[in-house]
Amino acid sequence: MRRTIGFIGGGNMGEAIIKGILKSKLYKSEDIMVSDIRKERLKYLKSAYQIKAFDNNPEMVKECQVIILAVKPQNAKNVLEEIKGVVSPEQLLISIMAGISTSFVEDFFSKSIPVIRVMPNTPALVLAGMSAISLGIFANEGHSQIAAQIFKAIGETVIVPETLMDAVTGLSGSGPGYVAVIIEALADGGVKMGLPRDLALKLAIQTLLGTAKLLKETNLHPAQLKDMVTSPGGTTIAGLHMMELGGIRGILIGAIEAATKCSQELGK
């Protein structure tokens, strides 16, 4: 049976998913469609991935079994108003719009439309994303499996209750931004102490990458790894002391709290 998928919004995340599902052979290029208001963007996506491009959302939706809503949350209402007359219960809507609940999407339709909410993150651009999946009231296990297949093509997935989705957004959704600042700050520290900028950046990136890989593959608690590399009277404890004086833990916890609250506000 032919499987078709369409993207309303052809931005970076939409493109990452297209790239992932093509690489994993989950969908064929002729079964992937995209709709966007930017003609140049459509031209690029059509050329780069040999997919079908539309400048009309309802026309594309009519041809798809799965529709990915990949627009900015502030555009959610207009897009849903536009397509509500052509979506059927046989289709699956997957929203990656930050802060937008499944009930917000469901309420636009008079029929029982299956809706799934997903929060991916930007490492999906290199197929190393983390995506959290929540089911709406009309979505079933089969729909969940479809969503998991799609987002496993761009990284890892977890199923979470929707009540946790704003916190997920604050942590893994916004997390790449925090990590980028941490990497930049580590590199700046290296530069301050005499390292060339390119070397400092390479050291910082690989250190975070390697540490994350070590924690993931060994199941060590971060505190265990910290203790392993912290010798009495050594360099690491001296550096950790300065981090604690600066309140790094509280700052990161506060950042996630602020981002979570922002996600909650977007959904109102």
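Going from the start of the chain as shown, residues are counted 1 onward.
Each residue, glycine too, has its Cβ placed from N, Cα and C.
As given in TrEMBL:
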DOMAIN    4-99  domain 'Pyrroline-5-carboxylate reductase catalytic N-terminal'
BINDING   ILE8, GLY9, GLY10, GLY11, ASN12, MET13, ALA70, VAL71, LYS72, PRO73  NADP(+) binding site
BINDING   ASN57  NADPH binding site
DOMAIN    162-266  domain 'Pyrroline-5-carboxylate reductase dimerisation'
The one of ASN12, ASN57 whose CB sees the fewest other CB atoms within 10 Å, among these binding-site residues: ASN12
Minimum Cα separation from ASN57 (NADPH binding site), reported as the residue among binding-site residues ILE8, GLY10, ASN12, ALA70, LYS72 that achieves it: ILE8
Intrachain C-beta neighbours of LYS72 (NADP(+) binding site), sequence separation six or more, cut-off 8 angstroms: GLY9, MET97
Neighbourhood of ALA70 (NADP(+) binding site), C-beta criterion under 8 angstroms, separation at least six: PHE7, ILE8, GLY9, GLY10, GLY11, MET13, GLY14, ILE17, ILE96, MET97
Around the Cβ of GLY10 (NADP(+) binding site), the count of other Cβ atoms that are within 10 Å: 24
Neighbouring C-beta atoms (10 Å sphere around the C-beta of ILE8 (NADP(+) binding site)): 27
Rounded mean pLDDT for the residues that make up the domain 'Pyrroline-5-carboxylate reductase catalytic N-terminal' (4-99): 94
Largest inter-residue Cα distance among ILE8, GLY9, GLY10, GLY11, ASN12, MET13, ALA70, VAL71, LYS72, PRO73 [record-listed NADP(+) binders, Å]: 15
Secondary structure content of the domain 'Pyrroline-5-carboxylate reductase catalytic N-terminal' (4-99), with strand meaning DSSP E or B: 42 helix, 19 strand, 35 coil
